[in-house]
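As given in TrEMBL:
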type     : residues  : note
DOMAIN   : B:1-464   : domain 'Cytochrome oxidase subunit I profile'
TRANSMEM : B:12-36   : transmembrane segment
TRANSMEM : B:56-73   : transmembrane segment
TRANSMEM : B:85-106  : transmembrane segment
TRANSMEM : B:138-156 : transmembrane segment
TRANSMEM : B:163-182 : transmembrane segment
TRANSMEM : B:194-220 : transmembrane segment
TRANSMEM : B:232-255 : transmembrane segment
TRANSMEM : B:261-288 : transmembrane segment
TRANSMEM : B:300-321 : transmembrane segment
TRANSMEM : B:341-361 : transmembrane segment
TRANSMEM : B:382-405 : transmembrane segment
TRANSMEM : B:425-446 : transmembrane segment
Amino acid sequence: MASFFSTSAARNMFYGGTLFSVLLFLGVTLHTESVLPQRDQRAQIATNPAIAAGKRIWEENNCIGCHTLLGEGAYFAPELGNVYKRRGPEFIKAWIQSQPTGAPGRRQMPQFHLSEQQLDDLVEFLRYVSEIDTAGWPPNIEG
Amino acid sequence: MKYASQAVAKPYFVAALALFVAQILFGLVMGLQYVVGDFLFPHIPFNVARMVHTNALIVWLLMGFMGAAYYLVPEEAERELHSPRLALVTFWVFLVAAGLTVIGYLSVPYATLAKLTGNEFLPTMGREFLEQPTLTKIGIVLVALSLLYNLSLTYLRGRKTAITSVLLFGLWGLALMFLFAFVNPINVVRDKFYWWWVVHLWVEGVWELVMGAILAFVLVKITGVDREVIDKWLYVIVTLTLVSGLIGTGHHYYWIGLPEYWQWLGSLFSALEPLPFFAMVLFAFNMVNRRRRDHPNRAATLWALGTSVMAFLGAGVWGFLHTLAPVNYYTHGTQLTASHGHMAFYGAYVMVVLTILSYAWPQLHGRTAQGNRSQVLEMWGFWLMTVSMVFITLFLTAAGLLQIWLQRMGDTPLPFMAAQEKIAFFYWLREGTGVVFLVGLLTYLASFFIGVKGSPAYGEAARS
């Protein structure tokens with residue numbers, strides 16, 4: 001490696017480069033936070049407590065452990081960010097209530113023993129997620 | 001070893017390897033569940049096997065980093081560790097917390113675990129890789145603070161080197177970013193935005209600093225190359241890492257509800273993320289080529305070189321394949337993602353931990369290197385695991401491309417489950433290869449018990 005810069009120069013580039021990048025990242029973060037309200041459907045969260053309740057059910061049952069939500073999560077089971085549009089609320093509730101299928105060899109989903117209220121809340125959460133502006137993702141309804 | 005307190009690294013390394021075995025066993029369970037969907041259901045549903053697999057990985061890598069730090073900081077600082085006692089207590093706290101957590105995952109439904117551990121008071125459970133109860137997360141923070149306190153005082157009171165400076169910067173960053181695991185808004189977009197501050201800024205940020213420092217340490221020791229050269233390379237590598245990786249976080253921000261300018265920022269900056277890994281390949285091969293001694297630990301040399309190559313391929317190349325937004329639109333959340341994830345984690349982090357382990361373990365037992373038979377077994381383990389991982393990645397890449405074609409492209413896209421059935425052939429190949437990986441791991445572990453004390457056969461004398 002050519003010696004046209006010293007170790008101290010390299011160290012200073014590290015400090016300077018890192019500081020610049022951190023500041024730039026924080027700056028873009030601030031801008032993102034300021035424009036988010038136009039795309040993240042947050043007004044719904046304030047007026048509809050079912051959404052917050054539904055997110056807690058989503059978390060406490062670790063749905064992300066098999067499914068993806070907006071493409072993030074596990075790849076064992078279908079994308080659920082757009083399942084509200086793909087299947088509708090009644091199907092979603094009926095599906096969850098009837099698991100496991102017990103079909104031999106088929107990937108199985110546990111029975112979570114959710115109450116009617118919990119199912120409604122979860123469906124509201126999934127509806128809210130389906131309305132987030134995701135820049136046209138996924139490419140089609142299959143998710 | 002030069003300082004008695006370096007010995008605290010031993011339990012960390014042992015626990016790391018035990019958890020590595022657990023990780024792979026649960027990985028094989030999951031791989032089988034992909035094709036025999038009801039395997040072990042309902043006792044160990046897929047999501048439970050998955051959280052054990054991923055959490056075991058993360059904890060064993062952290063144990064490895066901690067062992068590495070406790071080993072190399074005293075040697076670099078040229079003084080004993082500030083408190084070996086604290087390091088040992090911290091080890092047990094971490095191990096017991098991890099063990100109880102895994103028992104929790106396996107013994108009760110996740111919702112029950114959430115209730116039992118009081119998740120409702122500060123809800124942090126239920127997100128990928130952050131499945132741990134809030135109490136466990138608090139434990140992790142305390143373990144991290146203990147590590148940082150112990151190492152920082154050792155560093156501040158001793159000789160400061162580029163290696164330890166970068167290592168500590170990385171470890172402090174690791175601890176700081178973990179605090180975002182406690183940030184869990186109801187707003188899904190913001191939840192995801194800050195979740196990546198833990199995950200991306202760990203594995204594509206501060207963890208690379210830790211990796212670079214560990215690799216540099218091992219290379220200094222086994223090649224004897226002038227430290228000034230290694231220091232300069234290390235600073236160049238970590239500069240490339242953070243300059244590309246900070247805004248590069250944006251490559252996770254394309255489709256989750258964030259402004260579209262992230263598609264440009266993320267694509268541009270993350271396209272540069274392979275550069276530090278490419279630099280690491282040049283660095284490692286250059287150092288070994290210019291070595292001033294023929295270190296008898298040929299296995300550690302192989303691990304060091306192999307780490308740089310596999311990290312470049314898995315993290316750099318496979319990462320690049322799906323990092324640009326127009327490509328990622330189709331590949332987001334598919335088996336292609338998994339193919340990259342496996343080779344990246346193995347190449348960068350599994351291998352760097354096994355590298356320092358390979359170098360430090362004999363030193364911790366009063367030897368320059370393991371005996372020849374042991375090293376041969378260790379190198380067999382290296383090749384079996386590494387080649388298996390390459391094929392696992394290739395099979396998942398094939399599965400992913402097919403999945404994308406069937407489910408996301410064309411006029412008559414298949415539903416998810418139908419597409420999964422069509423690609424099952426590649427999942428079977430992956431599982432078979434996974435068994436070979438386990439054979440490699442067992443071969444590697446055998447090297448700790450067979451032919452350890454013999455002569456290293458090549459290079460300098462065996463006794464240090």
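Note that Cβ sites are derived from N, Cα and C of the backbone, with glycine treated the same way.
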(message) Contact between the transmembrane segment (B:56-73) and the transmembrane segment (B:138-156) is defined here as three or more C-beta pairs under 8 Å separated by at least 6 residues; is that satisfied?
(response) yes
(message) Under 8 Å between C-beta atoms and at least six residues away from its ends: which parts of the chain pack against the transmembrane segment (B:341-361)?
(response) 1, 6, 9, 13, 16-17, 20, 57, 60-61, 64-65, 67-68, 71-72, 203, 207-208, 211, 214-215, 217-218, 221-222, 277, 297, 299-300, 303-304, 306-307, 309-315, 318-319, 370, 378, 382, 385-386, 389-390, 392-393, 396, 444, 448
(message) How about long-range neighbours of the transmembrane segment (B:56-73): same chain, 6 or more residues beyond its ends, C-beta under 8 Å?
(response) 1, 5-6, 8-13, 15-20, 22-23, 26, 81, 87, 91, 94, 98, 102, 129, 147, 150-151, 154-155, 163-164, 167-168, 171, 174, 210, 213-214, 217, 345, 349-350, 353, 356-357, 360, 364
(request) Averaged across the domain 'Cytochrome oxidase subunit I profile' (B:1-464), what pLDDT does the model get? Just tell me the whole number, please. (result) 97
